[in-house]
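What TrEMBL says about this one:
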type	residues	note
DOMAIN	A:34-145	domain 'PurM-like N-terminal'
BINDING	A:ASP52, A:ASP81	Mg(2+) 2 binding site
BINDING	A:TYR111, A:GLY128, A:ASP129, A:ARG155, A:SER234	ATP binding site
BINDING	A:ASP235	Mg(2+) 5 binding site
Protein chains: 2
Amino acid sequence: MKRTEISQLGEFGLIDRLTKNIELKNKSSEKGVGDDAAVLSFENKKTLVTTDLLLEGIHFDLIYVPLKHLGYKSAVVNFSDIYAMNGQPKQITVSLGISKRFSVEDIEIFYEGVYLACQEYGVDVIGGDTSASLTGLTISITCIGEGEEGKIVYRNGAKDTDLICVSGDLGAAFMGLQLLEREKVVYDGEKNFQPDFTGKEYLLERQLKPEARKDIVRFLSEEAIVPTSMIDISDGLSSELKHICKQSGVGCRVFEERVPIDYQTAMMAEQFNMNVTTVALNGGEDYELLFTIPLYLHEKVSKIKGVHVIGHITKADYGLLLETRDGGEIELKAQGWDSIKE
Amino acid sequence: MKRTEISQLGEFGLIDRLTKNIELKNKSSEKGVGDDAAVLSFENKKTLVTTDLLLEGIHFDLIYVPLKHLGYKSAVVNFSDIYAMNGQPKQITVSLGISKRFSVEDIEIFYEGVYLACQEYGVDVIGGDTSASLTGLTISITCIGEGEEGKIVYRNGAKDTDLICVSGDLGAAFMGLQLLEREKVVYDGEKNFQPDFTGKEYLLERQLKPEARKDIVRFLSEEAIVPTSMIDISDGLSSELKHICKQSGVGCRVFEERVPIDYQTAMMAEQFNMNVTTVALNGGEDYELLFTIPLYLHEKVSKIKGVHVIGHITKADYGLLLETRDGGEIELKAQGWDSIKE
């Protein structure tokens with residue numbers, strides 16, 4: 001494959017090359033790349049802003065993460081935060097710090113992933129910054145979205161007796177990561193290593209190409225449901241439940257048997273000799289939506305495909321509890337992946 | 001000084017500690033730190049978005065840049081981009097990648113600088129991301145501002161015969177950097193090094209604690225002047241003029257004798273055996289505003305303190321020219337600091 005050094009193009013040349021095909025799709029994107037700032041127009045809408053910093057060696061390992069997938073995932077994890085506010089992502093800025101290891105073609109492949117995600121989710125790339133880096137790849141993405149007055153959902157509105165709902169299934173992305181890490185160790189240094197991932201495709205997909213739950217936000221809107229609280233599951237169910245309970249001043253009761261787990265996740269956890277519930281509660285990177293709704297909406301919410309009621313909100317005094325399969329009760333602890341604490 | 005390891009607090013603990021005193025000041029800041037996204041409200045205003053990535057060893061050297069100054073500057077350079085659109089900065093998100101070298105107290109000092117800048121410029125910190133980093137300090141700031149319909153100024157509106165104006169003076173930040181770099185080499189390894197910067201304070205201030213030209217944007221508004229084009233000078237006058245001319249499809253003629261240069265800059269350039277005009281044209285990091293106005297506003301603009309008319313816009317065919325002191329003509333070349341090209 002052709003390798004063009006970034007120094008051959010310079011910063012402005014690189015930006016031109018990466019952004020030359022952008023066509024702004026959203027009405028709110030008035031002016032994108034190419035000036036001191038982008039210009040957006042949110043008439044009668046609220047503006048939502050979220051940002052994520054992803055660093056090589058901390059958040060991703062390029063030994064097993066393809067650059068295109070990395071671009072896709074970097075964008076999608078930000079969209080997920082906007083959906084978690086019951087909003088619609090509309091714009092992103094993409095900033096990259098790039099070491100000499102990377103060629104122009106590498107960065108183009110990364111952007112292919114970003115643009116693919118933007119196409120799937122109807123988002124415009126409106127700006128960014130590009131810089132040399134001494135070591136590794138640094139990715140900083142800010143996502144801007146819109147929300148409707150009165151329909152934005154925070155973490156602090158959960159009320160006693162509300163039902164706790166979660167989309168999709170949990171723990172698969174974490175098991176995908178374990179699998180990739182294991183293969184990396186086993187095949188360390190060997191060229192052309194081709195591990196056999198047959199029967200584990202779902203786990204890899206969840207880790208390498210996660211999706212944000214645009215569909216759930218649409219279903220909620222179609223069913224005229226505005227959750228009382230919502231958050232996306234990036235650090236694990238326990239950690240996110242803790243955020244909701246703390247900010248809402250409530251407790252919760254989750255039923256172990258109701259926590260949705262895919263067959264591949266369960267199989268893999270067993271192979272790794274891990275407790276599958278622990279994996280599902282603390283795994284992280286699921287990017288599913290966790291939300292609460294008033295009890296009377298039970299029937300409506302059960303119509304939404306892929307949403308599971310896993311428990312209910314309680315008074316704060318009860319704490320955060322997990323009712324185990326055998327009828328016991330244990331405290332829910334957030335052992336979530338904490339990118340700083342070690 | 002007390003040293004608390006970041007691992008003692010964890011990511012959420014660190015964020016709580018850094019953001020606990022935030023009080024949102026702007027009406028448009030509805031909800032700041034503490035949810036999946038911040039919520040903003042820009043009724044009848046346009047939203048402006050800009051972002052900057054700053055990496056240790058590329059954009060700053062902590063040997064001579066105090067962390068508080070770094071925080072201040074990181075925020076201010078983003079505000080400058082919003083002013084360059086004739087807008088008002090209102091919110092920022094601050095993302096940090098932090099290696100183990102840094103303590104909680106270090107990061108608090110950095111934030112003191114950020115908050116000081118926000119206070120001076122009336123900006124709210126509304127979010128961010130905090131992560132471990134394998135090496136050095138990574139700073140990514142996104143600034144959101146507001147602009148009025150019809151008063152946002154782009155780079156592409158300069159017209160033949162327009163006057164070219166620049167605020168403040170040029171080249172001082174670059175000379176400040178040269179001075180710091182020289183002292184760093186001279187005193188390499190020596191403890192308690194106390195170089196004598198007497199008579200060079202202005203150069204250091206311009207490098208270490210730059211300001212954004214909020215005042216110029218206010219004066220322009222008071223005088224009811226909407227420039228035809230505007231940009232902030234971060235990469236050097238020549239480079240920025242090139243952006244304006246390219247995007248506006250025009251040429252320009254700049255008079256060497258009109259380029260504003262401070263006495264300290266001139267003195268220092270002589271000491272370093274550098275051509276002071278080259279320094280002023282290409283130095284970078286001045287964060288002054290470069291803008292164009294129709295000829296008939298000449299009298300009005302000359303009332304604005306600290307604004308200099310340095311030349312005029314021409315038809316594209318004439319190219320980008322500098323008329324030298326001796327009456328000669330040379331092509332303006334952008335040798336600006338290019339963070340990637342080497």
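Using the three backbone atoms N, Cα and C, a Cβ is placed for every residue, glycine included.
Projection of TrEMBL feature records onto the structure.
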residue  : record                : contacts (Cβ under 8 Å, 6+ apart)
A:ASP52  : Mg(2+) 2 binding site : A:SER74, A:VAL77, A:ASN78, A:ASP81, A:SER140, A:ILE141
A:TYR111 : ATP binding site      : A:LEU18, A:GLY71, A:VAL94
A:GLY128 : ATP binding site      : A:ILE15, A:VAL33, A:THR93, A:VAL94, A:SER95, A:LEU96
A:ASP129 : ATP binding site      : A:THR93, A:SER95, A:LEU96
A:ARG155 : ATP binding site      : A:SER229, A:MET230, A:ILE231, A:HIS243, A:ILE244, A:GLN247, A:SER248
A:SER234 : ATP binding site      : A:VAL77, A:SER80, A:GLU240, A:GLY284, A:GLU285, A:ASP286, A:TYR287
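Around the Cβ of A:ASP235 (Mg(2+) 5 binding site), 24 further Cβ atoms fall within 10 Å across all displayed protein chains. Look at the domain 'PurM-like N-terminal' (A:34-145): DSSP puts its residues at 35 helix, 45 strand, 32 coil.
All chains included, 26 other C-beta atoms sit within 10 angstroms of the C-beta of A:ASP81 (Mg(2+) 2 binding site).
Proximity to chain B, taken as a Cβ less than 8 Å from one of its Cβ atoms, holds for A:ASP52, A:ASP81, A:ASP129, A:ARG155 among the binding-site residues A:ASP52, A:ASP81, A:TYR111, A:ASP129, A:ARG155, A:SER234.
Within the model, the domain 'PurM-like N-terminal' (A:34-145) shows a mean pLDDT value of 95, rounded to a whole number.
Secondary structure at A:SER234 (ATP binding site), as computed by DSSP, is coil.
Take A:TYR111, A:GLY128, A:ASP129, A:ARG155, A:SER234, the residues named in the record as contacts for ATP: the widest Cα to Cα gap among them comes to 32 Å.
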